[in-house]
Structure formats: structure tokens, C-alpha cells
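According to TrEMBL, the protein carries these features:
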type	residues	note
BINDING	K12, Y159, I160, E161, Y162, S163, G164, G189, G209, D210	sn-glycerol 1-phosphate binding site
BINDING	D14, T40	Mg(2+) binding site
Amino acid sequence: MYDITMWRHIFKLDPAKFISDDDLEALCMSNTDAIIIGGTDYVTEDNVIHLMSRVRRYPLPLALEVSNVESVMPGFDYYFIPTVMNSEDTLYHNGMLLKVLKQYGHVIDFSEVIFEGYLVLNSESKVAKRTYSNTQLDLEDVEAYAQMTNELYHFPVMYIEYSGKYGEIEKVKAISQMLTQTQLFYGGGITNLSEAREMSSIADTIIVGDAVYSDIKNALKTVKIKESNK
Ligand code: 1GP
């Protein structure tokens, strides 16, 4: 088992998107702390198993971020299960979880399951639309969500999801200041090292997704945040 609390940098790969062998090797050998496989659309058993077997050639932790029941399978080190705290549809709070537990509850090793309190903040993102998230949140709202996560639900991870857009620093800071126990993941719009540095000075762990597909060179440079002390 790995110590997730030590992770500062993660690449998130979308099983529905193409990545060359060379780019995949560069990502896996980059000194990132882990790879997460996850996406919103067209996440299938086939494309997840294919990408999993390609990443498995490399010696780094691999997690599946569960977005539907069909694509859950054994073979990952961890299963990140999001509960979208600002979703207006209970399916994304615990409805999906109910389905998963009914089907797989008897075989799940819960030491591999990490429950993420998700806060979706980019109204334009696919994930916001899919999960019917209420993204119209002010500072007081996001602080209350952070408090809920840290003090009441005691989630191990809170994930601020700006998917596709660089986040509002003030909100990320406000959330970070409320978290004393819960680990803060930040993902969204990180395209270069200076953005990576800025977000990783606030969040415990940053996640780089899209940049892998749009500008691999700069995406790889974001791992350099690990060279500096926080
Ligand atoms: C997406 O938070 C991740 O789930 C990363 O976001 O794709 O914008 O880097 P980007």
C-alpha cells in the first residue's frame, strides 16, 4: 500500500482519449506520484482495461476514479469514489454508490477505496452538467462545504474540480484553510509549471488532466513542483 497523504502530483488520464506509447511512458516515468484513470463520457469496461494494462507496465500507483458501475474492475491499487457534494441529483451523492455496493459490496477491499468529497465549480464543464451541480457558490458556501467535509463527513479527500478551467484562487484558499484533516485535491486548467506551483502552494495534491493531451511538454514540467519544498 502507498501513502496517499504524501502525494503532491497526479496525472489523470481519460480512457476515452488516445495517448501514444511514448507520451504514456514519459508520464509514467516523470516522477509523478500516481496515475488516475477517469473521465466523464465514454468510459467503458474496454477502454479502462486497455489503458490500465498499458499503465501497469510502469512501477507507480494506479487508481480508478469511478464514474459508472460498468467500468469498475479489479486490478487497480485504489478506487477513488466521488460523492458530488453540490450535485442536485442524489445519484451523484450516494445513488451510484448504492448500485456499486449492491453489485460488488461482498468483494470490495475497503482499504483500497478512497471516498472523495467532490465540489464541482466550473459551470461549463461536462462533469458539472452531467452531475447537475450547483456551481453558483460564493466564499461562504465553499467554506461550509469544506467544513462539512472536514468536520462532519470526515472524508479523507476533498476534490475541488474546475475541470477545463483554472480555478479561483480565493475560493481554493478559503477551502484549504478550513481543512485540518481532509487532504485537498485540486484539479482544473493546470497547463504549465507556474500554475502548478501556484495551486500546489495551496492544495495538498494537484491533478493535471487535459494538458496531457493538448501540450504534453508543459504537462510534464508540472511535475517539477515536487522539487521544491512546500
Ligand atoms: C479533471 O480535475 C481534473 O477531472 C483535471 O482537470 O483536465 O482541466 O486538467 P483538467
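Heads up, the Cβ atoms here are built off N, Cα and C, so glycines get one too.
TrEMBL labels come from automatic prediction, so no person has curated them.
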Original post:
Listed binding-site residues are K12, D14, T40, I160, G164, G209; which sit with C-beta under 6 angstroms of ligand 1?
Top reply: K12, G164, G209
Subject >> Cβ-Cβ distance under 8 Å to Y162 (sn-glycerol 1-phosphate binding site), same chain, at least six residues away >> reply: L121, N122, S125, Y186, G187, G188, G189
**OP:** Starting from D14 (Mg(2+) binding site), work out which of the binding-site residues listed here (I160, G164, G209) have their Cα within 10 Å, and give them in sequence order.
**Re:** G209
Subject >> Where the record names K12, Y159, I160, E161, Y162, S163, G164, G189, G209, D210 as binding sn-glycerol 1-phosphate, the maximum Cα to Cα distance in Å >> reply: 17
Original post:
Within 10 Å of the Cβ of K12 (sn-glycerol 1-phosphate binding site), how many other Cβ atoms can be counted across all chains shown?
Top reply: 20
Original post:
Hey, for the sn-glycerol 1-phosphate site built from K12, Y159, I160, E161, Y162, S163, G164, G189, G209, D210, who else sits with CB inside 8 A of the CB center?
Top reply: N122, S125, V127, K165, G187, G188, I207
Original post:
Where does K12 (sn-glycerol 1-phosphate binding site) sit by DSSP, helix, strand or coil?
Top reply: strand
**OP:** Find, among the binding-site residues listed as G164, G209, the one whose Cβ has the highest number of other Cβ atoms within 10 Å in the structure shown.
**Re:** G209
Original post:
Highest CB neighbour count within 10 A among the binding-site residues D14, T40, I160?
Top reply: I160
